[in-house]
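Quick notes on the structure that follows.
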Amino acid sequence: MKLVLGISGASGIPLALRFLEKLPKEIEVFVVASKNAHVVALEESNINLKNAMKDLRPSGTFFNEQDIHASIASGSYGIHKMAIIPASMDMVAKIAHGFGGDLISRSASVMLKEKRPLLIAPREMPLSAIMLENLLKLSHSNAIIAPPMMTYYTQSKTLEAMQDFLVGKWFDSLGIENDLYPRWGMN
């Protein structure tokens, strides 16, 4: 299976890194981080995103967001699934309105036109009517809108356990088997 992970410049970069860390090793992963993602990772978490991604997934393929001619920009390359974690509202707007000027939005556009799973984890609060309309437009185009929302039924005691719940739910939405969080009613 081939999966693209897009990391845009919204708050919550550690969630993308946790997703990358927990992704089953047999999945071939292609990662595109926006320029702003690198800035936000450093400012918010003191993380060198380029190094962190390569440390977590040495076998991954990493692209520059401006590499619009990369293999993953074409539907014929055969990417099976894509996740954008976190998804900035700027990125959401670009995808919702068909602007594919960078590799993340172009790859997402390909997923929509090819009717392949595209998970978008919007990271903003509160949401304006325009933001909600853009998310609705993407949902109508069969994108999976899955914001990083906390849960309490799992009784998570650590930040890592909360992150694993989110990553597990995202994996579920993409059809990736996992045991990252306790299932409701299964003790």
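Just so it is clear, glycine is given a Cβ too, placed from its N, Cα and C backbone atoms.
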From Arg123, Arg183, the one annotated by Swiss-Prot with Gly9, Ala10, Ser11, Ser34 for FMN: Arg123
Closest of Gly9, Ala10, Ser11, Ser34 to Tyr153 (dimethylallyl phosphate binding site), Cα positions, binding-site residues only: Ser11
Cβ neighbours of Gly9 (FMN binding site) where a neighbour is any other Cβ within 10 Å: 21
Same chain, 6+ residues apart, C-beta under 8 Å of the C-beta of Lys169 (dimethylallyl phosphate binding site), given in sequence order: Ala146, Tyr181
Number of Cβ atoms other than its own within 10 Å, given for Ser34 (FMN binding site): 25
Candidate with the highest Cβ count within 10 Å, taken from the binding-site residues Ser11, Tyr153: Ser11
For Arg123 (FMN binding site), the number of other Cβ atoms found within 10 Å of its own Cβ: 24
